[in-house]
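Pulled from Swiss-Prot, these are the features on record:
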ACT_SITE  Ser65  active site, schiff-base intermediate with substrate
MOD_RES   Ser65  pyruvic acid (Ser)
ACT_SITE  His70  active site, proton acceptor
ACT_SITE  Cys85  active site, proton donor
Amino acid sequence: MEYSTFGKHIIVDLWGVDFSLLDDMYFLEHHLIHAADLSGAHVLNVSTKEFDPHGVTVLVLLSESHLSIHTYPEQNFAAIDCYTCGTTVEPQIAIDYIVSILKPNEMHIRRLIRGIGEIVNTD
């Protein structure tokens, strides 16, 4: 079987997110898994890390690639990354869901197409 190298990669910076949401590893883990499911991705594994005194990283390993969040609660900031290979998964659905639960005051986003030669910025 031949596989396509085509992929969609979305990177997002969120500012003005509630401290308590960004410092709750279990809340974020639950919602990232749900976001992956909504996008049509298949979750293989989840890795989490709480930092001292604050901050969380959640990495959701997908059959199609990955979904991750790194938080800096003291700055009310989160960095989200979602990369999916192929055409059967829509990473924007995962991103939209996460943004809807974190409710940032400000968002910066880049959408890239990868695996077709040159990386294409679709913004």
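One is the number of the first residue shown, and numbering goes on along the chain from there.
Glycine is treated like the rest: Cβ placed from N, Cα and C.
The shown structure was predicted, so the numbers you read here are calculated from the model rather than taken from an experiment.
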Alpha-carbon distance [Cys85 (active site, proton donor); Ser65 (active site, schiff-base intermediate with substrate)] in Å: 6
Alpha-carbon spacing, His70 (active site, proton acceptor) to Cys85 (active site, proton donor), which is rounded to whole Å: 21
Cβ packing number for Ser65 (active site, schiff-base intermediate with substrate), 10 Å threshold: 20
Active-site residues: His70, Cys85 - member with fewest neighbouring CB atoms within 10 Å: His70
